[in-house]
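Below: one structure, written as structure tokens.
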Amino acid sequence: MNPYILATLLFSLGLGTTLTFASSHWLLAWMGLEINTLAIIPLMAQHNHPRAIEATTKYFLTQATAAAMLLFASLTNAWLTGQWDIQLMYHPLPTTLASIALALKIGLAPLHAWLPEVLQGLDLITGLILSTWQKLAPLALLLQLQPTNSSLLIILGLTSTLVGGWGGLNQTQLRKILAYSSIAHLGWMVLVLQFAPSLTLLTLITYLVMTLSTFLTFNLNKATNINTLAASWAKTPVITSLAPLMLLSLAGLPPLTGFMPKWLILQELTKQDLAPTATLAALSALLSLYFYLRLSYAMTLTMSPNNLTGMIPWRLSSAQYSLPLAISMVITLTLLPLTPPLTALFTL
């Protein structure tokens, strides 16, 4: 892709998200979401491949449906209450409609079916943008919305954590596994959103960093399914030795960074007398742990039959930037001891 066009599209992505962040009016927020969607579509379709075109079409139709529903919700709110302010949305009908529209936009279960299929048709870097940057604007709106129907968010969150765990169990394609991982993490964020929005923000930031390191690791190894992971020991031995820790951090095992948000969310749910919900969420994390362990096993404890054992294949030095991967990997593995200052920072 022409670098000028790429720069324009990336600038539009940033502009759309920033516009949604900064707006208190529903029409401006909707406009920011639309700019975001229109900017990522050429990035998704840049590889002229049937799977990429199919993924782009599915994404466009889903996002257009969600945007139409969101616009209808804001119009209904303006009709019923006479104002367009995002934070003054008190009527249950438009609030519920807007919550469902935003859930469809980010891929919360049971409105998740498009996400694994779309992610499977993209390359890893575009998939990274879709899994991280594209979630920010809808989540910012959900944070401002504060739905009047509290059980709706708990149902969406619990369904997402369970579907994210179950869905990834039988997958062999890494991008689909990462899509179900994304659904499960979004479920954790939405579970606690109405009780402690600061915890949702903390969970989002840790998820962004962990997902960044995972996508960059797979991109460095040019891995798209579980079988190709077996050859990664010969290409990047140091990263291969760190990758299981990174995956276990995504699963939420101590003493890694990913344990911090899950621990704090379970604590908050218990404080709110939602012990059954917390138990179900914790059990759903075990399902996710299984497929992360499966990836770790494929990466470190199996060897590809195509390579001579004990010989590192000759290759040119990689032209990829390794600094973002190094920084995100360190944060993914070592942030748990900083939990007290981080929680204090996010609850200010």
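Here the Cβ of each residue, glycine as well, is placed from N, Cα and C on the backbone.
Per TrEMBL, the features are as follows:
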{"type": "DOMAIN", "residues": "23-285", "note": "domain 'NADH:quinone oxidoreductase/Mrp antiporter transmembrane'"}
{"type": "TRANSMEM", "residues": "57-76", "note": "transmembrane segment"}
{"type": "TRANSMEM", "residues": "96-115", "note": "transmembrane segment"}
{"type": "TRANSMEM", "residues": "151-170", "note": "transmembrane segment"}
{"type": "TRANSMEM", "residues": "177-195", "note": "transmembrane segment"}
{"type": "TRANSMEM", "residues": "201-221", "note": "transmembrane segment"}
{"type": "TRANSMEM", "residues": "233-254", "note": "transmembrane segment"}
{"type": "TRANSMEM", "residues": "274-293", "note": "transmembrane segment"}
{"type": "DOMAIN", "residues": "289-340", "note": "domain 'NADH dehydrogenase subunit 2 C-terminal'"}
{"type": "TRANSMEM", "residues": "321-339", "note": "transmembrane segment"}
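Of the recorded ranges 57-76, 151-170, 177-195, 201-221, 233-254, the transmembrane segment (274-293) has the largest number of C-beta contacts under 8 angstroms with 151-170. Per-residue pLDDT, averaged over the domain 'NADH dehydrogenase subunit 2 C-terminal' (289-340), rounds to 77. Under 8 Å from some Cβ of the transmembrane segment (321-339) lie the Cβ atoms of residues 206, 209-210, 212-213, 216-217, 220, 239, 242, 245-246, 249-250, 254-260, 264, all in the same chain and six or more residues away from its ends.
Long-range contacts of the transmembrane segment (151-170) within the same chain, counting only residues at least 6 positions beyond its ends with a Cβ under 8 Å from a Cβ of the stretch, are 96, 99, 103, 108-110, 112, 116, 176-177, 180-194, 274, 277, 280-281, 284-288, 290-291. Taking Cβ pairs closer than 8 Å, the transmembrane segment (177-195) reaches residues 103, 106-109, 112, 115-116, 118-120, 127, 131, 135, 139, 142-143, 146-147, 150, 153-154, 156-165, 167-168, 171, 203-204, 207, 211, 214-215, 250, 261-262, 265, 268-269, 271-272, 277, 281, 284-285, 288, 291-292, 295 in its own chain, all 6 or more past its ends. Listed as Cβ neighbours of the transmembrane segment (57-76) (distance under 8 Å, sequence separation of 6 or more from its ends, same chain) are residues 26-27, 30, 33-34, 37, 40-41, 44, 84, 91, 93-95, 97-98, 100-102, 104-105, 114, 117-118, 121, 130.
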